Amino acid sequence: RVFKNSQDLGVGYPFNQPMKVYSSLWNADDWATRGGLEKTDWSKAPFVASYKGFYIDGCEASVAQSTCATQGLRWWDQKALDDLDGLQWRKLKDVRDKYTIYNYCSDRKRYPTMSPECARDRDV
């Protein structure tokens with residue numbers, strides 16, 4: 001999922017706060033699986049989730065300062081990384097079309113009014 005900074009629309013964005021990376025598994029058969037069409041195969045339990053080839057590059061959180069000491073100097077601060085290019089967007093679309101089971105942006109049953117970030121980013 002691409003979660004762009006949409007603070008101008010009133011959507012929260014994690015700027016000056018520590019972030020964590022975690023995952024969880026839960027039974028969402030009744031809502032996150034195309035309306036219950038994709039059922040969990042419980043005979044495959046226990047389920048294990050892990051990160052493979054995951055590398056994180058960031059700065060350590062500090063109570064004393066709200067931004068990285070190297071603000072503007074990191075690889076992710078490059079202007080070219082503000083957005084995906086055309087080819088990257090097409091590749092992302094292919095992956096979404098093939099693997100996305102649930103996207104709250106297209107869930108009109110639960111969210112009849114499209115959220116501001118979904119409407120602007122055409123994330124459906």
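Cβ from N, Cα, C; glycine included.
Annotation source TrEMBL lists domain 'GH16' at 1-44. For the domain 'GH16' (1-44), the residues of the chain that approach it from at least six positions outside its boundaries are 51, 54, 56, 58, 61, 66-67, 84, 92, 101-102, 109-110, 115-117, 120-121, 123, judged by C-beta separation under 8 angstroms.
Residues or ranges marked as domain 'Xyloglucan endo-transglycosylase C-terminal' in TrEMBL: 74-118. Per-residue confidence over the domain 'Xyloglucan endo-transglycosylase C-terminal' (74-118) averages 87 (mean pLDDT, predicted model).
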Same-chain residues at least 6 beyond the ends of the domain 'Xyloglucan endo-transglycosylase C-terminal' (74-118) whose Cβ lies under 8 Å from its Cβ atoms: 2-4, 6, 9-11, 28, 31-35, 38, 57, 59, 68, 124
